[in-house]
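Since the structure comes first, as structure tokens, the remarks are kept for the end.
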């Protein structure tokens, strides 16, 4: 009986790569495209927000966001994402992947648009509105992490499962690029419309119309999400959830017969799906700890700025220069790293890529940090950018990708989305520490040289050394990660034991 029940899952495992695989990659990947765009686009406009809302007419310097406001604007979406990963990860196991998948997308669409609106035109009202809606935007984005990974892993065949999940994640790189290109296009149009001079004490370097720039950029993220909604709702529930969690073999077989375009043997009885009581263990049980240990920890990898001083540019041109710098870094390092993972994940395996990634990140981070005073000299900046870019390359051809892929493979179906959410949330906790903490830690130790409003920190050099140490610790933790390459999800999770 039990052997026949898993027949539909075996059919998925051995299915040849076909159209529905690529359709699933595009549908789930567009969600990640939107996620990346929405999370990263705000970093392109924070300097502009400072010029617009915190300019002091008595100062000769451009306005800048106060430290607490800058930390909130940059970090609040990450806080929402962490909460969303935990909540929607849990909900995806309770209600099903498909039902929750639509909810997250609606939240992303509504909050992307709302982030570009504001109550009033004063700094407090604008920043409060922006932070409020970016938190809930992050909350919706958080749900996309465990759901997209889980859906793709449960649809994929075991031979190319790693590449399919990695391809979904790689759309994040495309979203980052899109954010850069949108910012470049919008700032170029405004820059040509207003022939502005560099920063002046009168504040005329940033016209009131520049307020539209950041609003257009952040609201644009709603468009790809809206285009994805119809196709996301057309996807059937995954067979693994329907069969192993909802215990409806008949429905799972019907859904996958349509998807695979083959006739699968129908099995209507579902009460014996999991006969072995050991396979009904909970998330916090001894049996879970024995089989899976702690849910995977996602150890996050992070600052650079080869951009002219603010006083030498007008506000619109500054947006252009920041977008250009971030787009070049993404194009030369971040995006290639993602797609190298897609190409090699099912050849090298997850363990090897993660170990290599952490090792190379440690090497390059220390190579930047220890001779830091050498790299900041004008003649050495190209070398600095190369080293910095290689760090990003191996972050994405390494732990940034593998810590997204592995948690979607090693846990049982009824806990898969929850555990992926926990794993992703640990990584996002590190990103929050980076967003809130690195701004302060990287400040010079000499209080006369710190940015306005910031207390003295440990300096950029010591901050980079600290990041290098964290990368090394991540490399050590990699030795605890199992290798899922070439194995079925049921084999990895122990659910295949019902066949014995």
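Think of each number as a place in line: the chain as shown, counted from 1.
Placed from the backbone N, Cα and C atoms, the Cβ positions cover glycine too.
Noted in TrEMBL for the protein shown:
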TRANSMEM  20-45  transmembrane segment
DOMAIN    24-486  domain 'Major facilitator superfamily (MFS) profile'
TRANSMEM  65-88  transmembrane segment
TRANSMEM  100-119  transmembrane segment
TRANSMEM  163-190  transmembrane segment
TRANSMEM  212-231  transmembrane segment
TRANSMEM  327-345  transmembrane segment
TRANSMEM  351-370  transmembrane segment
TRANSMEM  382-401  transmembrane segment
TRANSMEM  421-442  transmembrane segment
TRANSMEM  463-481  transmembrane segment
Fill in: Result, the transmembrane segment (212-231) in contact with the transmembrane segment (421-442) (3+ CB pairs under 8 Å)
no
Discussion item. Please compute the mean pLDDT of the model over the domain 'Major facilitator superfamily (MFS) profile' (24-486).
Written reply: 83
Discussion item. Is the transmembrane segment (382-401) in contact with the transmembrane segment (100-119), using at least 3 Cβ pairs under 8 Å (sequence separation of 6 or more) as the test?
Written reply: no
Worksheet item: Under a criterion of three or more Cβ pairs within a distance under 8 Å and sequence separation of at least 6, are the transmembrane segment (212-231) and the transmembrane segment (20-45) in contact?
Response: yes
Discussion item. Should anything in the same chain at least six residues away from the transmembrane segment (20-45) have a Cβ under 8 Å from its Cβ atoms, list it; otherwise answer none.
Written reply: 73-74, 77-78, 81, 104-105, 108, 112, 134, 137-138, 141, 144-145, 148, 151-152, 155-157, 160, 164, 167-176, 178-180, 182-183, 213-214, 217-218, 220-221, 224-225, 227-228, 231-232, 235, 259-260, 319, 322-323, 326
